[in-house]
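Visitor: If you look up TrEMBL, you'll see 66-85, 97-116, 122-150, 228-248, 260-279, 320-345, 357-377, 389-408, 428-447, 459-482, 488-509 marked as transmembrane segment. Annotation comment: TrEMBL describes 161-206, 533-555 as region 'Disordered'. Taken from TrEMBL, the feature compositional bias 'Polar residues' covers 169-179, 186-199. Summarising the annotation, TrEMBL assigns domain 'Major facilitator superfamily (MFS) profile' to 319-555.
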Amino acid sequence: MARERGVLLSDKTTPCSATWSTVQTTSVPGTWNQLSYVASYAQPDIPKSSQCIVHILGIEVNTASFAMYTFSVSVLVQAILIISMSGAADHGSYRKMLLVTFALIGSVSTMLFLAVVSRLYILGGLFAIIANTCFGASFVLLNSFLPLLVRHHPLSLRGHSDEGPLPLTDNNLSPSANGPSHAENSETTALLQSEQSYRSPPPDDASELIPTRISQELKLSTKLSSNGIGIGYIGAVILQVICILVVIKTHQTTFSLRLVLFLIGLWWFIFTIPAAIWLRPRPGPPLPHEKKRGTWVSYMAYAWKSLGRTAIRTRHLRDILLFLAAWFLLSDGIATVSGTAVLFAKTQLDMQPAALGLINVIAMIAGVLGAFSWSLVSRAFNLRASQTIIACIVLFELVPLYGLLGFIPAIKRLGYLGLQQPWEMYPLGVVYGLVMGGLSSYCRSFFGELIPPGYEAAFYALYAITDKGSSVFGPAIVGIVTDRYGDIRPAFVFLAALILLPLPLMLLVDVERGKRDALSLAKELEGRQSLEETPDYGTVPNCLSRGEDIVGQSD
C-alpha cells in the first residue's frame, strides 16, 4: 500500500505504480501473496531507478524500510507491554481477561485492514503494530496458562497416568511434591473468590529433586504440548490454503491482501470465542501486603520492579542464562532462515508466488508431523529433552549447509543439488517444518523446568522478548552480506554459523542444577515464609513436581 502512494527515487515525481510492469521482475511481482510480499521488502539489489520512496513527516522513507520500521516499532511496543502486564498476569484475577482482551483487539485490528486503502497506508502501519503487539502478548499469556491446565487435568488430580512411567531423562521431576491437598483444593481454583492456599509448599531441601522417572504431569504436559502445536499447524495449513485460493480468485491485487488479512483476523476472532467461554480463570495471589492493591499502576510498577530484581539476580541462574543465550541465537536463526529462503527462492530460483505458497503449506504440514512425532522419537531412542533439542539443531543445520553445496564446482556443474533448482526448496521445507515442530514443543517445555516457582509470567516474558527481539539482527546481517557480494548464497555461511552457535550452549545446560538454582532464587526473592503461604497461582504451580510447557494453539 505504501508503494502505491510512493514515487520513484530517480526523479521523485513518477508514481511507483506507473512502472510496476517493468519492475515486477526485480520487485513486487504484481501478486500480493503473503510470502512474495514479504520477500519483496527484503530485496537489497533493486536498481535505484526502480526504488520507491514515500514522504513521512517530510522525511524520505523507502517503502521497504517503512515495513521494517513498522515491525521494529511493534517489537518495541510488544516488549514493553509484555513486561508491564506480567504483574497483573501473575497476581489477581486478570489472566483470562487479559488473554481475551488482547486476542479481541488484535483480531479486530487485523480485520480492519480491509478498510485501509493506499492513501491510508500510515493507518495500516498502526494496525500492524497493534495486531503484532497483541499477538505477542496473547502468546505470553497462553504460555502462562497451560501449566495450570496440566495441573488441573483429571490425570494429574488422580495422581497416575495410564501410560505408565518412562525411562530416566533430564526432564525428571520428583512426584513427591504432590501432596494430598493437591487434589482437594484444586476443585476451587476456577472460582475467583477462592484464593486460599492450594499450593503444596516446596521441600526444605533441593535434594528432593532426585530423578527417578518422568512425572505424570510432565508426561501429560509433553503430550498436550505436542497435540496443541500440531493442532495449531493444522489450523495454519487450512487458513493458508484458503488465503491462497482467495488471492487467486481475486486476481492477486492489493485488495487480495486486505481480504486475506481480514480472513486471518476473523479466524483469530472466531477461535478466541471457545477460550472466552470455557477457559476457566485461574486467580493468582494479591500483590504483597505492603503494595497498594487493585490498581493497574501498582501492577505495572510491581512488574517492572520485579523484572529488574529478577534480571539482576538471574546472574545466579547460569542455566537460564545459557538457555536464553542459545534461544536468542536459535530464534534469530529460525526467523532469518525462513525469510532468506523465501527471498532466495524468489530472486535466485525465479519461483512464482503460488510455488512459494506451496512451500509454506508443505512446511506447515511437516510441522504437524514434527509436533506429533518428536515425542515418539525421543521415547524410542530414550532421548532427554536437551538431546531432542540438540537433534533438532543438527537437523536444522542441514538447511544452510545444503545451500552451501552450490559453491562446490563439481556440484555446480551438475546443475542441480545445492539449491540450483526450484524443486529442491520443497524437501528443505519439509526439514524446516519438522524442526519447527520439535523446537516449538521442547524449547518452551525445557525452559519451563528452569523457572523459579511463582515468577512464571515474568520469565516467560523474558523468553518472549528474547524470541521477538532477536529477529532484528539476522535479517539485517543477511541484507548486508547480500549488498556486499551481490548474491544471497554467501549469506548461507552466516546462517550456518548462526544455527550452530546454540549447540555448545545447550550442551552446557544442566537441568537439575537449573532447578535447584531456580528454587534457591525463589526463596531468596520472596523468603521462605512467603513461599509457604503463597497460593498456587503461577503458570508452573509447583516446579518441583513439573516442568511445564506451552500449548498456546490448543486453547
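The first residue you see is number 1, and the count goes up from there.
Heads up, the Cβ atoms here are built off N, Cα and C, so glycines get one too.
Note: TrEMBL annotation is automatic and uncurated.
A description of the local structural setting of each listed feature is requested, covering burial, neighbours and distances.
Guide: Counting only same-chain residues 6+ beyond the ends of the transmembrane segment (97-116), those with a CB under 8 A from a CB of the stretch are 1, 85, 88-89, 123-124, 127, 130-131, 133-135, 137-138, 141-142, 145, 257-259, 261-262, 264-266, 268-269, 272, 275-276, 279, 281.
Within its own chain, the transmembrane segment (260-279) has Cβ neighbours under 8 Å at 34, 96, 99-100, 103-104, 106-114, 131, 145, 235, 239, 242-243, 246-247, 555, counting only residues six or more beyond its boundaries.
Mean pLDDT for the domain 'Major facilitator superfamily (MFS) profile' (319-555) in this predicted model: 76.
Sequence-remote contacts of a segment are chain residues at least 6 beyond its ends whose Cβ falls under 8 Å from one of its Cβ atoms, and for the transmembrane segment (320-345) they are 35-36, 38-39, 42-43, 314, 351, 355-356, 359, 393, 396, 399-400, 403, 419, 422, 425, 428, 432, 436, 439, 443, 446-447, 450-451, 459, 462-463, 466-467, 469-471, 473-475, 477-478, 488-489, 491-492, 495, 498-499, 501-502, 505-506, 508-509, 514, 517-518.
Remote same-chain residues near the transmembrane segment (357-377) are listed as 33-35, 222-223, 226-227, 229-230, 233-234, 236-237, 240-241, 244, 341-342, 345, 351, 383, 388, 391-392, 425-426, 429-438, 440-442 (criterion: CB distance under 8 Å, separation of at least six residues from the stretch ends).
For the transmembrane segment (428-447), the residues of the chain that approach it from at least six positions outside its boundaries are 143, 171, 221-222, 225-226, 229-230, 233, 320, 323, 327, 330, 334, 337-338, 341, 359-360, 362-375, 385-386, 388-389, 391-392, 395-396, 398-399, 402, 419, 459-460, 463, 509, 511, 547-550, judged by C-beta separation under 8 angstroms.
Tertiary proximity for the transmembrane segment (488-509) is limited to same-chain residues at least six positions away from its ends with a CB under 8 Å from its CB atoms, namely 319, 322-323, 325-327, 329-330, 332-333, 336-337, 340, 343-344, 347-348, 386, 389-390, 393-394, 396-397, 399-401, 403-404, 406-407, 419, 446, 474, 477-478, 481-482.
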